[in-house]
Amino acid sequence: MTRKFIKLHGFGYLLLAPAVIYLVAFQFYPLFETIRLSMYDYSLIANKGMSFVGLDNYKFLLTEDDKFWKIMWNSLVWVLGSTLFQFAVAIPAALILSAKLRSRGLWRGLMMVPWVAPVVIIGIVWKWIYDGHNGLANYYLSALHIIQENIVWLGDDFWVWPALLLTSVWKGFPYIALMLLSGLTGISKEMIEAAHVDGATAWQRFTRITLPLLKPIMYVTGLVAIVSSWTKFEMIWALTNGGPGFETSILPTYVYTNAFVYYDLGKGSAIAALSMVFVLIIVGIYAKLFGKEND
Amino acid sequence: MKPYKKSFVMLISLTLVFSLVLAACGNNNAANNSGNDKKLGNTTDNTSGEEIDWKTVKADIRFVYPGTSESEKLFAETFKDAMKEKYPNVNIEFMYLSWADMEKKISVMINTGDVPDIATTQDVTNFVQMDGLEDLTPFMERADSTVKKDDFLPGTLDYSTIDGGTYAVPATANAFNLMVNEKMLNDAGMKLEELQTWADVEKAAQLMTKDGKYGFGYPLGVARFAFRVPFTAGYSNDVLISDTSEGSKSKYIELLTHFKNLEAYQPKAHLTWGYPEMFRAYSNGEVGMIPAGTFFSSNVYSINPDIINVSRAIPYPKGPSGTKIQTPVANSGFGIYKGSKNKEVAWRLVQELLSPEFNSTQAAILNITAKKETKLEDVIKKAESVYPKAIDGHKRIIEDFMGLVAANGVPMDKIVGQPEMESIVQENMVKLLTDKSDAEETYAAIIKGIDQVKAKYAK
């Protein structure tokens with residue numbers, strides 16, 4: 001490396017260095033370490049040390065573990081359900097909050113409350129709401145004569161996933177609504193007014209103008225929502241601990257249980273690596289389906 | 001960019017780079033405290049013969065303390081202040097964590113070599129498996145030690161002993177039992193003395209279940225407690241929940257059937273309960289009997305102190321195949337982490353913790369001391385300031401616990417791989433109690449799962 005090169009480019013590399021060091025130390029190194037550990041039989045409490053087992057952990061999870069595919073399915077329900085329902089709530093919310101409303105700033109601020117509140121606290125609050133014995137949900141539904149007897153929301157096969165998804169939607173939709181709001185402000189009012197003058201109905205204006213123009217921002221926001229839902233471990237942990245048993249576990253809770261409850265770091269790392277592969281596949285499919293038109 | 005501006009930006013960038021590098025290198029607390037044991041003699045063999053002037057000894061002690069109730073925190077701070085006076089250069093830093101969080105955090109710390117000094121312990125099995133705790137036997141065998149193996153109530157030290165090594169010294173005895181709301185029981189037409197068998201428990205639960213109140217509360221929502229309840233009851237039917245032998249099958253199925261029989265007398269919500277929900281329901285008089293332990297008073301007092309005055313502690317009654325009523329007894333105590341650089345100071349503090357002064361305070365909070373020399377009257381006297389609104393009831397509960405430990409106490413079994421077994425038991429108990437499987441199927445599924453866990457940990 002010559003002095004001239006350093007003089008020409010040294011300062012640029014120096015500016016890049018903190019970010020590069022950060023990425024290497026806190027992103028790439030843990031990633032490679034996770035993959036390395038996944039190829040070992042490494043339990044902290046088995047008193048056997050570490051032994052290289054190649055792909056055995058993966059083989060066990062994919063072919064012998066009777067819980068893995070059920071948990072994988074739960075993860076898909078959690079991610080796709082959260083993302084779709086968050087959009088379903090966020091789109092009308094964004095449209096309402098972009099309209100001329102009295103105290104619009106205040107409403108926009110209030111909408112953000114669930115999003116800025118800590119996940120664990122939200123989880124505890126919703127756990128109280130869903131309490132099958134003294135919960136608010138049962139109290140109001142009984143008072144309105146909608147239910148005759150209490151529902152154990154988080155312990156009932158039928159209700160547990162709707163309850164979890166409702167909480168996830170409540171927590172996550174403000175972010176999507178905020179992104180869509182920023183998209184809506186970029187849409188020309190003249191174009192909407194012109195369509196109105198041309199006789200387009202409100203539905204037509206929404207489906208033919210607003211929605212297509214929102215697509216790029218919806219694409220990016222959807223991507224973020226998928227990835228953040230996939231890793232949203234705390235919400236399920238606070239509400240159900242992933243149980244009973246593994247009934248409401250998703251892959252991140254399964255990683256946690258194996259690595260930090262059972263202290264099986266080898267298997268935990270293998271689940272984490274598989275989880276990463278699956279989320280990449282989902283993101284790839286998403287990009288294939290929706291990415292092209294947004295290029 | 002002007003040269004001076006460029007230099008300034010370069011300086012900032014360099015500072016950032018070095019900060020990151022230094023941050024990545026981390027701060028090994030052990031390194032900061034290095035040398036205390038060297039100054040004070042060998043870790044486990046302080047044979048230098050030199051008199052130590054403890055006023056001059058310097059150390060920063062990290063003390064992992066999972067007591068998160070107000071009374072437990074007050075105890076910790078009082079101890080810290082007293083030690084500061086006695087050992088001016090010893091700084092104690094308490095790390096307040098819940099039991100569950102503590103296990104995870106410490107396991108990571110042990111494996112990264114950044115270990116604290118003093119551990120508050122219950123089940124030491126996992127930490128011993130991780131080679132994280134110091135064997136305290138050599139410390140206790142020293143001539144000048146104020147803590148000796150013979151100081152403890154029968155059975156309590158056994159819980160901290162593995163393969164001849166003692167990895168924690170017990171401060172309090174933890175017995176697991178059945179708590180009964182005596183008033184609800186009497187109102188239902190039964191006396192406490194009538195609760196002798198599982199059939200009696202089922203009958204009492206049935207009679208107490210009326211007018212929106214329930215007879216029994218089994219917290220199934222958290223794997224640890226879902227496991228602990230049948231584990232406790234099993235002792236009185238001569239069956240250990242991890243026993244997968246064919247010989248124990250009928251006793252095991254009796255155990256499962258007992259909980260199936262109780263299901264009709266529990267609020268449906270118990271499927272999602274942990275201890276907080278169970279204690280809340282019991283404290284509010286919504287549930288008449290709960291499986292709990294010596295930690296009962298500290299958990300219910302802040303919700304409803306009056307409940308203590310109507311509560312009685314009894315051992316879990318005898319199962320159909322049980323030869324006698326048995327109560328598993330564990331302990332809560334203190335250990336020293338193997339990687340600590342301040343073992344001598346840590347041992348000194350552990351001895352202070354087990355002195356009658358501090359041990360009686362801790363027992364006042366957690367009900368039963370594990371030390372013979374701590375006097376019951378001292379414990380009760382101190383409990384008056386901890387539980388002022390329910391002191392009569394609390395005294396009676398302490399006497400109940402003392403009695404049941406003396407008459408029915410047996411050392412609680414330590415099970416390697418228990419966390420994995422807990423999930424298996426929870427999953428299958430839920431299936432059993434929600435009519436998705438019968439007792440035979442539940443038994444088969446639990447045994448299969450437990451055998452797999454055992455195989456994994458077989459040496």
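Note that Cβ sites are derived from N, Cα and C of the backbone, with glycine treated the same way.
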Transmembrane segment according to TrEMBL, located in which of A:137-155, A:213-231: A:213-231
Contact set, same chain, for the transmembrane segment (A:213-231): CB under 8 Å, 6 or more residues outside the stretch: 75, 78-79, 82-83, 86-87, 168, 172, 175-176, 179-180, 182-184, 186-187, 251-252, 275, 279, 282-283, 286-287, 290-291, 293-294
Segment proximity, the transmembrane segment (A:159-181) to the transmembrane segment (A:109-129), 3 or more C-beta pairs under 8 Å: yes
Surrounding residues of the transmembrane segment (A:12-32) on its own chain - C-beta under 8 Å, 6+ positions past either end: 276
Close approaches to the transmembrane segment (A:159-181) from elsewhere in its chain (Cβ under 8 angstroms; 6 or more beyond its ends): 77-78, 81-82, 85-87, 89-91, 93-94, 97-98, 108, 111-115, 117, 119, 122-123, 126, 130, 151-153, 214, 217-218, 220-221, 224-225, 228-229, 232, 235-236, 239-240, 247-248
